[in-house]
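I have placed the structure first, in the form of structure tokens, so that the comments after it can refer back to it.
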Amino acid sequence: MPVFYGTRVESPLMLGTAQYPSPAIMAEAFRASRAGIATVSLRREGGAGQDFHRLIKDLGIPVLPNTAGCHSVREAVTTAQMARELFETPWLKLEVIRDDDTLCPDVIALVEAARVLSDDGFQVFPYCTEDLSVCGRLLDAGCQVLMPWGAPIGSGRGLNNPYGLRSLRAHFPDVPLVVDAGIGLPSHAAQAMELGYDAVLLNTAVAKAGDPVAMARAMALAIEAGQLAHGANPIEARDMAAPSTPLFGMAVLG
């Protein structure tokens, strides 16, 4: 199971709390997923009040507040400080977005905000791209976890750049890595784990599915399968065929 900032979590599935048809379905989906962490947006969910916060606490798993919707370092830092006070945790999923069309991370502001928040005692989980230089700068800024996107948030496209994600894993073998955003199908989640990633964070794929509870269970099984596959040392892909049946012992006719 993954370890983040010295804390071991019970599942490599990290699940968001937004967009569900109802609070009851959200809670049932969390139970079906056996998620290890619940992510919460202070800005997007703040209007739900104490009932929502009580529901999150009743899930009984660690909470990872995020700064979704922030477009500047100042916004992200202010939101982070409010989240730490409300949820009583130093953990923070840091999002600083360049524009609302792509929801692409603003990597320059992201690194700056990560440095400010790390210096203030936050344990930062940065939502970033798979760019090696950016990820290196985030580690230099104090981050001990990296959360590269698979594809744009909510797109459901899966892993747009498996090569880049594989390279990131190889370059930082000892850093906890989480594929965050873009997951649409259980096969996408399994692929991330097959690449050797420590966890997967998703939300829309479950919350907006026709049956969120069934999809949550499917994601849990896929992540388990991908993790087992990675640990089994799978064969390398090759361009040419390789016979699976040995010639030894075959009858010689004629």
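Using N, Cα and C of the backbone, Cβ positions are placed for all residues, glycine too.
Among G154, G226, G231, the residue that Swiss-Prot places alongside A181, G182, N203, T204 at the 1-deoxy-D-xylulose 5-phosphate binding site is G154.
The local packing around K93 (active site, schiff-base intermediate with DXP), expressed as other Cβ atoms within 10 Å of its Cβ over all shown chains, amounts to 26. Taking the C-alpha positions, the distance from G182 (1-deoxy-D-xylulose 5-phosphate binding site) to K93 (active site, schiff-base intermediate with DXP) comes to 16 Å.
Taking each Cβ in turn and tallying the other Cβ atoms within 10 Å, the top scorer among the binding-site residues N203, T204 is N203. Rounded to a whole value, the Cα-Cα separation of N203 (1-deoxy-D-xylulose 5-phosphate binding site) and K93 (active site, schiff-base intermediate with DXP) is 14 Å.
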